[in-house]
């Protein structure tokens, strides 16, 4: 099987420096050792990009979307991006599908509606071994990938805003025609 392209892992965090932008990391440390690795990767990527960040914890992955909604409602201008971190390991019941699908659906809906740069670092795996491999900063670094995704979207929003401003300025300039009568 071919190795997936690791575009996010290969990004130079310093190249996507975001100055004083502030990001919110919301973690669900249900599996503490996995959460610690995810958080370490996310914090390292944000630090290299010179971003400021806060970390809050909630009991589980289903609580991450409501925590993000509360944070955005209570402090709408405080955060320029967010990162969700957690781990859902398949068990013997349908609970895995509910938690995985509903947390992803709610987060996607929220960040699209709010147009918030976001990185989803909630692992959905079959085993704890898979989770540890993906979370480890040395191997999978999915926490770092989630932070880099949020950083890249933040940069995109800033750069696209500049493109739009330039286009609007160009559109307002009078058109000079030659040969006027």
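Each residue, glycine too, has its Cβ placed from N, Cα and C.
Straight from Swiss-Prot, the features:
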type	residues	note
ACT_SITE	95	active site, proton donor
BINDING	30, 61, 62, 63, 87, 88, 89, 120	5-amino-6-(D-ribitylamino)uracil binding site
BINDING	92, 93, 134	(2S)-2-hydroxy-3-oxobutyl phosphate binding site
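Structural mapping of features recorded in Swiss-Prot.
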{"residue": "30", "record": "5-amino-6-(D-ribitylamino)uracil binding site", "contacts (Cβ under 8 Å, 6+ apart)": "59, 60, 61, 86, 87"}
{"residue": "62", "record": "5-amino-6-(D-ribitylamino)uracil binding site", "contacts (Cβ under 8 Å, 6+ apart)": "99, 102, 103"}
{"residue": "63", "record": "5-amino-6-(D-ribitylamino)uracil binding site", "contacts (Cβ under 8 Å, 6+ apart)": "28"}
{"residue": "88", "record": "5-amino-6-(D-ribitylamino)uracil binding site", "contacts (Cβ under 8 Å, 6+ apart)": "61, 96, 99, 100, 103, 122, 123, 124, 125"}
{"residue": "89", "record": "5-amino-6-(D-ribitylamino)uracil binding site", "contacts (Cβ under 8 Å, 6+ apart)": "31, 96, 125, 126, 127, 128, 131"}
{"residue": "92", "record": "(2S)-2-hydroxy-3-oxobutyl phosphate binding site", "contacts (Cβ under 8 Å, 6+ apart)": "none"}
{"residue": "95", "record": "active site, proton donor", "contacts (Cβ under 8 Å, 6+ apart)": "none"}
{"residue": "120", "record": "5-amino-6-(D-ribitylamino)uracil binding site", "contacts (Cβ under 8 Å, 6+ apart)": "84, 104, 107, 146, 149"}
Structural state of residue 92 ((2S)-2-hydroxy-3-oxobutyl phosphate binding site), classified by DSSP into three states:
coil
Show which residues of the chain containing residue 134 ((2S)-2-hydroxy-3-oxobutyl phosphate binding site), separated from it by at least 6 in sequence, have their CB under 8 Å from its CB.
123, 125, 140, 142
